[in-house]
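Chemist: Got these off TrEMBL a minute ago, pasting:
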type: ACT_SITE; residues: CYS105; note: active site
type: ACT_SITE; residues: HIS262; note: active site
type: ACT_SITE; residues: ASN286; note: active site
type: DOMAIN; residues: 45-344; note: domain 'Calpain catalytic'
type: DOMAIN; residues: 657-692; note: domain 'EF-hand'
type: DOMAIN; residues: 693-722; note: domain 'EF-hand'
type: REGION; residues: 1-24; note: region 'Disordered'
Amino acid sequence: MSGIAAKISNDKAKSQGLGTPDNPVKYLKQDYEKLKAKFLKLNKLFEDNTFSRNNKSLGINKLSPDSEKAKDIVWKRAKNLHNDPQFIVNGATHEDIIQGKLGNCWFVASIATLTENQDFLPIVVPGNQSFQKDYAGIFHFKFWQYGEWVDVVVDDFLPTKSGKLYFMKSLSRNEFWGALLEKAYAKLHGSYEALISGYAAESMQDFTGGTVESYYISDVPENLQKIIQKRQEANALLTCASIQSSDARSQASEESGVVTGHAYTICGIEKVLFQGGEENIIKLRNPWGKREWTGAWSDNAPEWKKVDPKTRRKLTERKDDGEFWMSFTDFIKHYRRVDICNINLSNAIKTKDKDWHETQFSGKWRKGVTAGGDKDGQTFWTNPQFWATLDTPDHNCRGSSNEPYCRVIISLMQKERRQKRLLKKEDFKIGFCLYKIPIKVDKSSNDQLDETFFKKHAPVEVKKCTDYREVSKIFKLPVGTYLIIPHTSKANQEAEFCLRVFTEKRIGAFGGIGAGINPSKKKTSLPDVKCQGEAPNLVDIDQVTLPRIPEVTICPGGIRVIDKETSLPDVKCQGEAPNLVDIDQVTLPRIPEVTICPGGIRVIDKEVTLPRIPEVTICPGGIRVIDKEKNELDVHNLKAVLNEILSKRCDIKSEGLSLTTCREIINLFDMDRTGTLSVEEFKVLWKTLEEHMEIFKAMDADCSGSMDAFEMRRALGKAGFRLGNNILEVIVQKYASSDLTIQFDDFIACVMRLQTLFKMFNLLDTNQSGFITLSLAEWLCVALA
């Protein structure tokens, strides 16, 4: 429950500006400025107990305490590694970044390319941090995480071996910003081990919040060179990955100085005059800071002697720093993937001086609710659904048939994959489908489109499932309304996701289907409907001799006994019951004959005026009469009556209603706040219960006494509720069994609870604004009701 409240609070904070670079989310609620001030005042150095210098912060598998890599690691503060530690020396450059023994070349390569971007470097690496002025052993860095900027605090204890940094380091031994940045990123993902292996596109995106393009060389587009050049001019971040060691060409690559299965930074691309023609060359950097390409166009290659001296001086430096040039032809031979992170879409997609609009949504795939799997599965329609209405085509954009269109980029990201991988959880494949909504489909309601729609309509675009953190694609779409459905490759795969839609023109509408709550307004009432045919087994109360504990029914005027053979085990009530009356001493007045039937509660003799009857409770040992002045059912009595009725019905398989469910029933129908139900209130209850039983029977096709959790949305819809996915997730979490089924008792409890909540809200929302304001005392009364 507290987690739900925390999420609501966080969502409200985001709507008010939390999560921007200037107002980032404080990771693990650690406030850098407050912590720094606190430890300066105490004259102590900060130690981070959320990412302690222990084995857990290193890892649990490849960097476990028993691993060779973790052996003999000692955590030391920077001041114990150098007598003049500096945060940054002469500016942050790619030369400051050298990979250590972690196996995170993808991350190091992306830091190197980040240093070339002076817009985002100061965001990720905030200034005014020092080992001299106001030093308190605390530093902080900012990362973009699934739609929001997060500020991560670290102390300056760093892993070392033999007195030297074991992971990332700088050419200047007294410079530590890179090592501290790596530690902050490790903390964000749970451990240093979580950073082993990956694609640079991931960390480049975490440094900028940009959109990612990935190209495989095996399927290289003819214009890849132009794409790289254009993206570089647009200040995008670019990296590449070499072929794997399993590739047949790997030996030739290694012999030429290319490290296989390794990430490199793309530093530049040029066209030079060579032997009467033009040669396309590309500049790369190895994050190790050494080991360079030794083939054509390398540092000492003969090709440079045939190039104009001015060009040669401009492009080359004779030093082993990990940077080198190679021909684009060789690049295609020895590298397999190019990753581009666009941080300025207007430049990247040739729309200078125009702003792109981003619409973002965070959602979840939850078992039994929204984890519907791919489009070929029966539960596909239960996946989260989002509208996107394109009202106006982009300027000067027309297709082959001269039809105007809109450029749309859809990006889907799976959250926290690295943390899951560390726990040896499966990486899910994710993708999305795009449907164009016909004009005849009602777009005014927030109803989730069901399987009927998807049987009749095929997607206009599909992004196939892959096991990447992010999948994205650019589309050229005619104006109209579209439905975006993000999904995993299989049903019931749980994960959180971030969906982003980029458009040149602001989209007309966007929102999760079923995001609102719109319950049916119909009132439940009991018409005066008479039963068809004779009521079976009616018994005149005058003629009944009561054995032990009879089955009883409360009705206006008295207690009516229907089945003389019903009895309970001879177990006595615990403790002294107040105002107990022996059933033998109760003189029962004549009451009208009553029976329960599909038409409601039928009172045969309406003309008889009867005295009030006592409130009764059925307990193991007898009938307890508590208050002879009342004519109502308490929760125990209600449970006994309803369960006896249910036990006689062969169309509903149920073990009966629990006390909890009966309390929910009384909360809903007890309008005079007595904690009991009068006969009139019971009549309304029974009518409502009959309706819900019919809904449950329709969902329980195999008569098992339960329904699949995926059917809960449909069942609640039939009951008059239109609920968003976030509410359905809470419902399934609370009411579903471990096998993702919902029993009859839980279904009734859920419906009764929802009706109570809506009823209370509507009573309090006097001006029908959709909002209510309550004091703490009022809120507690409502929540505890």
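A Cβ is built for glycine as well, from the same backbone N, Cα and C atoms used for every other residue.
Give me the lay of the land around each of these features.
Modeler: DSSP assigns CYS105 (active site) to a helix in the three-state reduction. Cβ environment of CYS105 (active site): GLN99, HIS262, ALA263, PRO287, TRP288 lie under 8 Å away, each six or more residues apart in the same chain.
DSSP classifies HIS262 (active site) as coil under the three-state reduction.
The secondary structure of ASN286 (active site), as reduced to three states from DSSP, is coil rather than helix or strand. Here the Cβ of ASN286 (active site) has 27 other Cβ atoms within 10 Å, regardless of which shown protein chain they belong to.
Mean pLDDT, taken over the domain 'EF-hand' (657-692), works out to 90 on the 0 to 100 scale.
The helix, strand and coil residue counts that DSSP assigns across the domain 'EF-hand' (693-722) are 17 helix, 3 strand, 10 coil.
Distant neighbours of the region 'Disordered' (1-24): 123, 142, 147-151, 730; these residues of the same chain sit at least 6 beyond its ends, with a Cβ under 8 Å from one of its Cβ atoms.
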Chemist: How many other Cβ atoms are found within 10 Å of the Cβ atom of HIS262 (active site), counting all protein chains shown?
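Modeler: Cβ-Cβ neighbours of HIS262 (active site) within 10 Å number 22.
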Chemist: Could you tell me how many residues in the domain 'EF-hand' (657-692) are helical, how many are strand and how many are coil under DSSP?
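Modeler: Tallying H, G and I as helix, E and B as strand, the rest coil: 25 helix, 1 strand, 10 coil.
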